[in-house]
Each structure stands twice: as structure tokens, then as C-alpha cells.
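K.L.:
Below is the structure I would like to discuss, written out as C-alpha cells.
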Amino acid sequence: MAPMGIRLSPLGMAVFCLLGLGVLYPLYSGFLAGRFAFFMLSEPAAGGPESPRGSAPVGAVDLRELLAVSVLAAVRGGQEVKRVREGNVLNAKAKGKTREGAEEQLTSGDLLSNRRMFYLLKGAFPAVQINSEERVDTADQETVSWDRSIPEDIKQKIQPKEVPAESVTVWIDPLDATQEYTEDLRQYVTTMVCVAVNGKPVIGVIHKPFSSYTAWAMVDGGSNVKARSSYNEKTPRIIVSRSHAGKVEQVARQTFGNKTVIIPAGGAGYKVLALLDVAEKNQEEADVYIHVTYIKKWDICAGNAVLRALGGHMTTLTGEEISYTGSDGNEGGLIASINMNHKALIEKLPDLEKTSHK
């Protein structure tokens, strides 16, 4: 007797399979889609670092954000500078001699401003190289946070722009014109931050602690300061370091005539501001800024960036661009101008390059 059983026809099997597929497909396809989406969001792009959705890659820096925190750093550092000076607790001491043999001063204002500025910038952008005039004591580390807010004037004028973190170098001058600071010549004192990308200065911040004035600019971005509209190229007013006035005066007057005005002043930041339209009662005005000896890059980087952003120039005395990578010093002196024929100025002052090495 044949065994008993149920036999399904081929047509019935096909119908059964189609029904099962109709039930399982939506569930299975949704699962696959979810896994695929998770994979795409969690996997970093080829060759790039892992990053959260909607944020810049870890290896990238937004220059608008870096400008905002640079302004804040200059202001915070300036608060320390002002507090120390007004409290008359400078604790000034000599930290060495300049190449010209003058005593170089170090005060509590330098150190406290440096600590505040360095750790604010480092906390906000830990992957970025920061060069500062003063040594950072790791035993004296502090946490200075940034709430990532961007001032409205920067938001309105500057668009976000990302660059690789490894291409960025930040230069800090926590107290420019320390000698004048010890002499209580407050108008010359500034705090400065500069951002260089691949050696070119692109962001400059110059802050005057005792008047709370801050100038900032970003190359190919915007600024909160303007160049002055009137200049005298034939008999310019030349601003120089107080100790260099005699060196420059003889050559300048031989070149431009006896009516040329030499303005001795302190601080590289102050001298750059003299070329701009600055609403400051204690700010002198000049047409050209000349420095005839070795100078550190944290002294001049911020001013260089501001001038570049406004169409001006700062070069060595022979007209070479200054690179803000490598060593911290510039050997070739400098000449800075804006809305003038910079090349013609250099050609008129050929003897200053020789003076810079004396």
C-alpha cells in the first residue's frame, strides 16, 4: 500500500513562495537600508579622519572660528596686561640682551597674558601649532575654555573657510612694547595674534589693552578697520623704532628731502596701526613703517596679515615676502606701506638694507 502524504502542486509552491517573499521583503530591505546608512555615517571618508556628522573633519580648521578665538585671546591677554600695569606689580626683570645690546625686559604682564592667550587658543584648537614670544610653563597650565560663539561683526563679514590643521601656525605676542610698558608709555602697548597658512599671514588681530581698541582682518575675508585715504609718497611720514630713529632719519631725508618726518614710536603693532584709519586719540599717523634690524615674527605677523587683507605690503628691506614658518626671526628688516607704490619705496631706500646688518 502506498504511503500516505500530502502532495503540493508546482503552482501551489510558487504561490506560497511569492506570499512569503511579499511579507519578508519589506522587513529585510529596511534592515539592509539601515545597516547601509549606519555604515556610511560611521565610516570616515577614504584618507580622512573620523568625524561626527555635520562637523568639520578633525584634521580641518575653520578660519572664521580661529579668527573669533584669536580676537578673544588678544582681549583676554590684554586684560592681564592692563591689570598688572594698573596694579603696579610688574616684577620686571631682564631676560637677556637684544642684538643691539639693549636689555630685554620681562614682566608679570608678559607671562600672565601669554598663559591666558596660549591656553585659550590651545584648548580651542589643540591640533594647531602655536608659537609664542614667552615660554609656556606646563607646570603652570590652566584651562581656558571657549564657548564657540562668534561675534556678530565677524559673522556678517567672514564666511566659514576650512584649511588643514597641519598647514596652520599661530603666532602670539602677549605684550608688544614691553620696554614702553615698563616706562608706563601705555599708548604703544598691544597684544597680538596672527594666523599663517602655509607660511602666509592670513589673519591678524591687534588689540590695545588701555583703550580696548581691537583691529582685525582676514585675507580674502573682511576686516573691521580701513586704510587711510591720504598719503604723501614724495615726503612720507616714516614711523620707526625709538632706538632706530637716528639710523633711518639720515638716509630717509637724503632720499625724500628735509621735509620728511621721522616718527619714533614703540611696538610693531602700534606702528602698523599708524598706517591705518584708527579712531584713537593717542594713535599717531604715518605713511611708511620701517625697521632696519632683526625682528621676531610674532612682532610683525599680525600687522602683516592686516596690511595684506587691506591691500598693503610688508616685506624685507629688499622686497622679499616674509615666511611665517621655520625660525622665529626675520633677518632682513622690514618696510610696510599701504595704498602706495611699495616697489618704488624700496628702490628709493637701497641703503637701508645695508643698515639692517649693522
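Yeah, the Cβs are placed from backbone N, Cα and C, and that goes for glycine too.
Remember, TrEMBL labels are computer predictions, not curated facts.
The Mg(2+) binding site feature in TrEMBL is assigned to Glu133, Asp173, Leu175, Asp176, Asp299.
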K.L.:
Would you say which of the binding-site residues Glu133, Asp299 has the most Cβ atoms within 10 Å of its own Cβ?
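P.N.:
The residue with the most neighbouring Cβ atoms within 10 Å is Asp299.
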K.L.:
Could you check the binding-site residues Asp173, Asp176 and say which one's CB has the most other CB atoms within 10 Å?
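P.N.:
When each Cβ's neighbours within 10 Å are tallied, Asp173 leads.
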K.L.:
With an 8 Å cut-off on Cβ distance to the Glu133, Asp173, Leu175, Asp176, Asp299 Cβ center, who else from the chain surrounds the Mg(2+) site?
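P.N.:
Going along the sequence, the neighbours appear as Ile172, Pro174, Ala177, Thr178, Thr190, Thr191, Met192, Gly267, Ala268, Gly269, Lys296, Trp298.
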K.L.:
Under 8 Å between C-beta atoms and at least six apart in sequence, can you list the same-chain neighbours of Leu175 (Mg(2+) binding site), or say none if there are none?
P.N.:
Gly77, Val81, Thr107, Gly109, Asp110, Ser113, Asn114, Glu133, Tyr181, Val189, Thr191
